[in-house]
Amino acid sequence: RRRAELRALALGQGDFQLRDQEGRPRCKADFRGQWVLLYFGFTHCPDVCPEELGKLSHAVELLEQEPGLPPLQPLFITVDPERDDAAAMGRYLRDFHPRLLGLTGTPEEVRAAGSAYRVYASAGPRDEDGDYIVDHTILIYLLGPDGLFLDCYGRSKSAQDIARSVRRHMDTYEPLPD
C-alpha cells in the first residue's frame, strides 16, 4: 500500500536530461535496475552539502561492506548550474565516494530535474565578489530499481540510520506492476 501511495504522489517520476562530470548525457532511465541515493546541492556550499554528501558516501560504504546486497549508485544533482559545470562537479566530487556521480545541465534542465523531486532552490543575493549561496531542499532521496521514490532522509539521520533504512528497503522490495 505504501508503494502505491508513493507512486500516486508522482514524486521523482519525471525524466531528466543532464550531463555527468565526464560530460556524458544521462537520463533517469540510465539508472533503472539500480538502487540510487540522490542528493541535490551545489559545489560552492560552505557546510551543509559537504556534510550531507559525506553522510551519503559513508552510508554507501557501510552497505558495500554487507555481502549479497545489490549495488547502490550515489548521485548528486546540482541546483546551481551557473557555477557547477562538468569540470567543477568532477573537482568537487573527488572528495567523496569514488562512484559518486554528479549531474549538471542548463538552468532549465536542472530546474526540471529538481521539480520532479519537488526540490526547492533559490539563489540568494550576490556579494561584492559576485558570490552567492543557494537555499535549497536538504534531503537524500532513495530510489528503488524501478526508479520510484521510496524514502528520504533529512539532516537528523546519520549514515548508519540511512544504511539501516536502505537495507530494510532492499530486503522488502517488490517491484510494482506498471
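A Cβ is built for glycine as well, from the same backbone N, Cα and C atoms used for every other residue.
Bear in mind that TrEMBL entries carry predicted annotations, made automatically and left uncurated.
Copied over from TrEMBL:
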BINDING   Cys45, Cys49, His136  Cu cation binding site
DISULFID  Cys45-Cys49  disulfide bond
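Shown are the binding-site residues Cys45, Cys49; of these, the residue with the fewest other Cβ atoms within 10 Å is Cys45. The Cβ of His136 (Cu cation binding site) has 21 other Cβ atoms within 10 Å, all protein chains considered. Taking the mean position of the Cβ atoms of Cys45, Cys49, His136 as the Cu cation site, the remaining residues of that chain whose Cβ falls within 8 Å of it are Phe40, Gly41, Phe42, Val48, Glu52, Val79, Asp80, Val134, Ile138.
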